[in-house]
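Trainee: Next up is a structure, given as structure tokens.
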Amino acid sequence: MARFWVCVAGAGFFLAFLILHSRFCGSPVLRNFTFAVSWRTEKILYRLDVGWPKYPEYFTGTTFCVTVDSVNGLVYIGQRGDNIPKILVFTEDGYFLRAWNYTVDTPHGIFAASTLYEQSVWITDVGSGFFGHTVKKYSSFGDLVQVLGTPGKKGTGLNPLQFDNPAELYVEDTGDIYIVDGDGGLNNRLIKLSQDFMILWLHGENGTGPAKFNIPHSVTLDSAGRVWVADRGNKRIQVFDKDTGEWLGAWNNCFTEEGPSSVRFTPDGKYLIVAQLNLSRLSFVTAPPVGSIGECSVISTIQLADQVLPHLLEVDRKTGAVYVAEIGAKQVQKYVPLNSYVPSFGS
């Protein structure tokens, strides 16, 4: 009996030695064990708000996009399906308010551009019907205000401006608009428009080089005046100067398994949140300061269940809450920060 306990103790000490040796000396010995020991610790930044929304039965289609009007505390959701409302409106507390369906064919991206003076909702429509291949501005109640593109007709033209499966947009408080045009369409381009819809600069062409794209799927801005584009097909994020359009660099090292499908910054500007569709994963990447973007560094992840498929996400610029449109789970989920944010910039 004594010999048995001596053997147990010896085995325990030997296992402890292997673990410490692997930790401090980089030994590959543990790789052959049937269990995995991870020495990487991640910051836990967010938790799921299991009570949002209050009544999920209002999700009657496939939820592709979500945006937040942080001025008025409203959440807009775009869903697809036959004979259903395409746009749902909830409060940030999760209560359903209303729905509308006017002149919306197939929503892909959505953005709430709200100031103290105007509240509007922009939608990229990739439908093949009369309302498709457009970027449209609505009032908060669904009244059509502005149409960019040639409704129902895809194209590459700039005068008049045409789109082919415009994926998403970002609207600055100044009114300037950034559009990623090419969710599998002809264009693969990033366009900046002035508030009166004149083209200020653009980058576009299918390819793998700098300022070329393969499915530019999401776009956002940071407080340093940089434009960040999820170049999904090329498995990278490209960065540009918002004023000149100059290419500033790319992150290639963090997305080798799956390209990024959505990008948004936390309100304090510390982290870029990246959704990866087919991995069903959200990653929190350290945001670089002014200057070189360097290499990306993931400091936290949220691994969702298989086939949840997070498509596009949005961040409430006041509270820091993250809303994720999941096309696999056909729902939008809300994640809240463990620590309160102090609003700093409109991302």
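Note: Cβ is positioned from N, Cα and C throughout, glycine not excepted.
Note that the structure is predicted; figures quoted are calculated from it, not measured.
Annotation comment: Swiss-Prot describes 1-25 as signal peptide, evidence class sequence analysis. Sequence annotations record features per position, and here Swiss-Prot assigns N-linked glycosylation site to N32, N101, N206, N278. Look at Swiss-Prot and you will find 47-93 tagged as repeat 'NHL 1'. Taken from Swiss-Prot, the feature repeat 'NHL 2' covers 150-196. Summarising the annotation, Swiss-Prot assigns repeat 'NHL 3' to 200-243. Among the features that Swiss-Prot reports, repeat 'NHL 4' is placed at 294-338.
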Trainee: Report, in whole Å, the straight Cα-to-Cα distance of N278 (N-linked glycosylation site) from N206 (N-linked glycosylation site).
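Mentor: Counting only the Cα atoms, the answer is 22 Å.
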Trainee: Going along the chain, which residues at least six beyond the ends of the repeat 'NHL 3' (200-243) come within the CB cut-off of under 8 Å?
Mentor: 109, 158, 167-170, 172, 176, 178-184, 187-194, 249-252, 255-256, 258-265, 269, 272, 274, 277, 287, 289-290, 293, 296, 312, 344-347
Trainee: Write out the long-range same-chain contacts of N101 (N-linked glycosylation site), meaning residues 6 or more apart in sequence whose Cβ is under 8 Å from its Cβ.
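Mentor: The list for N101 (N-linked glycosylation site) reads I84, P85, K86, I87, G142, given in order along the sequence.
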Trainee: Restricting to the repeat 'NHL 4' (294-338), report the mean pLDDT as a whole number.
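Mentor: Average per-residue pLDDT within the repeat 'NHL 4' (294-338): 96.
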Trainee: Which secondary structure state does DSSP assign to N206 (N-linked glycosylation site), in the simple three-class scheme?
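Mentor: Its secondary structure by DSSP: strand.
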Trainee: Which number gives the other C-beta atoms within 10 angstroms of the C-beta of N206 (N-linked glycosylation site), all protein chains shown included?
Mentor: 15
Trainee: Residues with Cβ closer than 8 Å to the Cβ of N278 (N-linked glycosylation site), same chain and 6+ apart in sequence?
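Mentor: Sequence-distant Cβ neighbours: E258, L309.
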Trainee: Please report the DSSP secondary structure of N101 (N-linked glycosylation site), reduced to three states.
Mentor: coil
